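What TrEMBL lists as active site, nucleophile is SER298. The annotation Zn(2+) binding site is assigned in TrEMBL to HIS138, HIS247, GLU483, TYR523. Among the features that TrEMBL reports, domain 'Neutral/alkaline non-lysosomal ceramidase N-terminal' is placed at 46-552. The domain 'Neutral/alkaline non-lysosomal ceramidase C-terminal' annotation in TrEMBL covers 555-631, 662-754. Marked as signal peptide by TrEMBL: 1-26.
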Amino acid sequence: MAAHTNFVALSVVFFLTFSLCLVAQARNRHRPSLDFQKNQEDGPNYLVGVGRADVTGPAAEVNMMGYANPAQQSSGIHFRQFSRAFIVSDPQNTTRTVFVSVDCAMVSQILKIEVVKKLKPLFGNAYNESNVCLSAIHTHSGPAGFLQYVLFDVTSLGFVRESFNALVDGIVASIQRAHNNVVPGDLYLNQGELQDANINRSPTAYLNNPESERAKYDANTDKNMVVLKFVDQHGTGLGMISWFAVHCTSMNNTNGLISGDNKGYASQLFEADMNPGSLAGQGSFVAAFAQSNEGDVSPNTRGPHCQDTGLACDLETSTCNGKSELCVSPGPGVDMFDSTRIIGHKQYSKAKELYNADAQEKLSGPVQFALQFVDMSDVTVQINSSYSAKTCKPAMGYSFAAGTTDGPGAFDFTQGDTEGNPFWNFVRNIIKQPSAEEVACQAPKPILLPTGEMTFPYAWQPDIVDIQLLRWGQLVVAAVPGEFSTMSGRRLRDSIQRAVVSKGLPEDTEVVVAGLSNTYSDYITTYEEYQVQRYEGASTIYGPHTLAAYQQLYSQLAQDMVMGADIDIGPSPPNLLSRQLSFLPPVVLDTTPLFTHFGEVITDAGSAYHTNETVSVRFHSAHPRNNLQTQPENMQKTVRRRRGIFHFFSWAHKKLQKFLSGPDEEAELDGSFLTVERKKDDGTFEVVHNDASWDTMYKWKRTNVLVGHSEATITWTISPGTPPGTYRIRHFGHSKNLVGEITPFVGSSRHFTVNH
């Protein structure tokens, strides 16, 4: 979580007085079969399937996850977020695995638990906690409130059921679609360097690593991109996974629009190429730009500068005149949208080059997986033959509150702080004073929050995490429960590679790190980087020996996986779903000004436009939390039936609304708050863009809190190549009346022309 925390907000948790307990409902659907057999000895090496589904959460008045900035509330959609699932099985279908890349900030422990729970009635034992891997791209522009530990839900005012359900339902749907699409096929591996797409945001910490180790690498970030190509038995492309280390923080902490950031845009570009004629987020080809060891890696390549003077920030502390707030690293573009486009396009372009290259390695060999739950607060690490050390209970250091140059913190916190502050120690001790044992274990980290010793109202950070490996022939995927720094990721890859080679795998076995997978436990730096206590070191919650513990654990797990040994799955993580607290106010009521109706145009489109111009239409609207406009099969069942006098008022309200609005256009609930439509020769309209498109934006704002007035502004920037013709923009939504009934509505702009 690349951000600062609001210390005042943290203290509010101690005055929580009630809980919101909701129970997720599982669908009981037909269980498809995976009864495939390899037809001939020289046929495809695997069974493969791909699938994609919408995971976009509430688009208004919910805190964004990633920067932990209470002021950063969702207020519309830049483009939608998706879950992309990839199934790989051996030809005899005896061993199967699932890798899912999700457009969200991180995968939470409770999210994985609930997804596996929902898969059970659909597929029996086919998919379980051990062979399903959920990995996040780490966008900082998605709704928060889907983690089960207190620290991560403070700025979102607790748990947000809409965010959680959207992710669970979308991930499950993507796996279902991949399952239904499984065919005989092959996997091809390629890799190459991508330059000018990332920088190290904590270079002084990186420099604390041994010089001899640094000399083995050309840069202080990984430039290597790994691409895995999925094809059917005829060689037709089905999908692609790219792993490349870079934060999804091109969109900064002032953004309120839901977005997949640079990796989400790269996916959209690749899928548009491979699914010609399909709308954004649709089409059979699935392209995931997955995350790797991006802990200290920023997409904001212009480097940190003081916003007031334009001069370089202080290198050691990332401050300007002693303040961290003004030290920001800008992206390569003119604004955050342009920077997202540039970094996203760079990843797409390199992945497409690697995907299309002639020289690719065809994978062959077993499909394997291994998972183990580990109490990371109590691991004994064998440093050498005569010395061992231990990990610690979770704790956050002072520099955590300083934030990063992607999103600076507040107050007087700075990066590189190894001393602490008497005032903040006093404030901390009011909440919880760390034990002497914890202080000694975490040294030289000055503890700001001893989260491992804080249990009210429930745990603040995880003790138990899951470590996981997937193997597809010559490729091993290390699913890690957090954000590994550049050098940490390199050391982990090397440890796993040595382990599998020692058990008979070829020397050229490739290991990739899949970041932010299955559980989120903040950052993992090297021991040397930890001593510097930059943001990433302060957020390495299990102490200075965290990385060494992971190297030891993953190495043993890798050897056991290759040898087919029995693996002790370890202690089960807690399921805290029933204990989650939420203080996010619900949507109470939507209305429009007198003699207007939902969907009515306030400011209409012009009569004619040209390429690169932007069409803007403003509508009377309602709260987008009433219905998230996801795929029709996942739409919320929010209509409530009322009787008696309440039913009468509801009926009268609807009749009045219909009278005021005149003849209704049919509300097409097609999973979008907007459509851009082109008139065909027969006079009907076809949809050419939805709210998953890069070219459109849906912006929502409340105009009167007391009576529930709101507006939606929809924009469409006309890209080169847009066919000339007659177009219109439509807006879809759902309003909520006083008795809780949800009613769909639709509005439409005037017809306008587009000319070259």
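Any Cβ shown, glycine's included, is placed from N, Cα and C.
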**Study point:** List of residues, in chain order, with Cβ under 8 A from that of GLU483 (Zn(2+) binding site) and at least 6 apart
**Key:** HIS138, ASN293, GLU294, GLY295, GLY515, LEU516, ASP522, TYR523, ILE524, GLU536
**Study point:** Residues of the domain 'Neutral/alkaline non-lysosomal ceramidase C-terminal' (555-631) by DSSP state, where helix covers H, G and I
**Key:** 15 helix, 15 strand, 47 coil
Practice item. Express the distance between the Cα positions of HIS247 (Zn(2+) binding site) and the residue listed as 'active site, nucleophile' as a whole number of Å. Key: 5
Practice item. Mind giving me a neighbour count for SER298 (active site, nucleophile)? Other Cβ atoms within 10 Å of its Cβ, every protein chain shown. Key: 26
Practice item. Please report the number of other Cβ atoms within 10 Å of the Cβ of TYR523 (Zn(2+) binding site). Key: 25
**Study point:** Secondary structure composition of the domain 'Neutral/alkaline non-lysosomal ceramidase C-terminal' (662-754) [DSSP: H/G/I, E/B, coil]
**Key:** 0 helix, 52 strand, 41 coil
Exercise for review: Summarise the model's confidence over the domain 'Neutral/alkaline non-lysosomal ceramidase C-terminal' (662-754) as a mean pLDDT value.
Suggested key: 92
Review point. How many other Cβ atoms sit within 10 Å of the Cβ of HIS247 (Zn(2+) binding site)?
Key: 29
Review point. Including all protein chains displayed, how many Cβ atoms other than that of HIS138 (Zn(2+) binding site) lie within 10 Å of its Cβ?
Key: 30
